[in-house]
């Protein structure tokens, strides 16, 4: 289900670009609901794989992509906070659904539980109904042409989708910032889920009773619930927002460090402290992971970018936990799992940090080069024309042209432009 | 000649008395074999008195000669002789009163019991001076890991009930399944109804599969771990429900979703109608992204897409 959810990204982004977020989320909610309800009538594991895995995964993919897209369309000034709040939904539902699920299983068995969970997932349609389409500006002609032809045939839709995908594929990989982000997030996703999955097993192996081990996970959910909007709020502040990529790399490095330090001391209170730090860093990374991509790509390119990122992230997500589990089986000790995951994530974080410094340095250089080119061009133009304007006005004009330019600009300079 | 006749009559009388004794005390249809007492293995269990309500568990699988030894250090003023006796299941065992002497600063009471069948199992207590008591619970290993919540299944579906004997306890010889019928237990024979019942035994685990469930199949099912001495029972409840049970919350939630979606869409439509009648311009400024900036940011490769 997770594999299909992440692999369905490009299809979802294509649909979102064509139809907008609202119909896609409503369709996704319906698919999720239908998948659970049909699964409740099944009698074989293959049937469950198809229902919950494929249909449910597709529904979830549509929901994820379209929801992220609508955040990027609705918000700009308070986008990090919006991202943090949206990502906080995950731990909230984790905490609520755990006891609800237990109650449903005890009252109705697994079939009834799937039926009721399918109904709960239909609430995604309510979320979809709230996603009012953003008003498109009527000035730009190419968009108007698309509006005037609502009766696209299916082949047209497929053609435009494929064209969009293939076009953006190549151009994304030319973007330095995108490549850096992609590598960093691949390394993070590889090591992120394994400690989460093996935490209670590790606690039990350390001699802690099952009840306390289960309590660790709910404690993690609570901390995560608070940290995600908190991180969004912090990232929105005027000191952090220009340096959000560094904040993201710090969060990833902190996560890696937590895992590396976990196997050092064996006591319940230390494990609790580790869970707290893990939950905090996990929440911070997930609150920022899509915000950083939006920051890099912008609302136009974001739908296709997120589709591509999710389909590439599919591989480390599927490989990470089994490799970690294999390591535990071979060595018989959980500490190697934490060392492996911690070192991969820590390396990813450091890579992000260093490469972001390099990227900003290169962006500044490119911007300076372009500024010089512009200045030279203006000077040449000025030589050919009569001197009508004062030099001060000329400087203002070059600044104005530079800010309007689509060329690369440094972060701090954008931050300093007045609201 | 007369002496041998007397001996014969005496032996026949003795035989008759012992046969009658066997018939009145054993409820089983087949009487237990008269095993010579000396050939049974001896199992010794000791307990020293520590405090009130002391219970020692004795797990037995096969017939043994169980020797129970109780020791007690006594009061402050240690008398040289005290009385002690044995109880079984709260009732005093006949002829078990003994006078116990003080040896090595403690009193010791010991007795050998023949544990050969189910009625010999129970709660044996040694009592000193009618005040100090140690209980020995003599039983076969009890099934510990058993589901306490009912197993919920649906009509027409098949249900599985499992029973497991822990690894720390000895393996049973075999397993048996019973269905509760009022206060009685009826044994389930899988061979008699192979389409409905299937029993899979696996040394420590046993599974009962019930196919094609009906409402009548609900109730308590007992799994019995059979040992030579006795069978230890565990029970699991099976609940059979129809699809209407989970359908009620399902329909409630679907109705709620439908109402909310319709309400949101209707509200939006009424608001957009109101805006159209007020003016031509779309006046909702929910998005803080102005169109000019939107166009300006398009197509840039590495520029940061933010505004503070």
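Cβ atoms here come from the backbone N, Cα and C positions, even for glycine.
Feature annotation from TrEMBL assigns signal peptide to B:1-24.
What TrEMBL records for B:32-126 (among others) is domain 'Ig-like'. For the domain 'Ig-like' (B:32-126), the number of residues in each DSSP class (helix H, G, I; strand E, B; coil) is 6 helix, 52 strand, 37 coil.
As annotated by TrEMBL, domain 'Ig-like' applies to B:141-242 (among others). Over the domain 'Ig-like' (B:141-242) the predicted model carries a mean pLDDT of 87.
Residues annotated as region 'Disordered' in TrEMBL: B:275-308.
Annotation comment: TrEMBL describes B:283-308 as compositional bias 'Polar residues'.
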Please spell out the DSSP helix, strand and coil residue counts for the domain 'Ig-like' (B:141-242).
3 helix, 53 strand, 46 coil
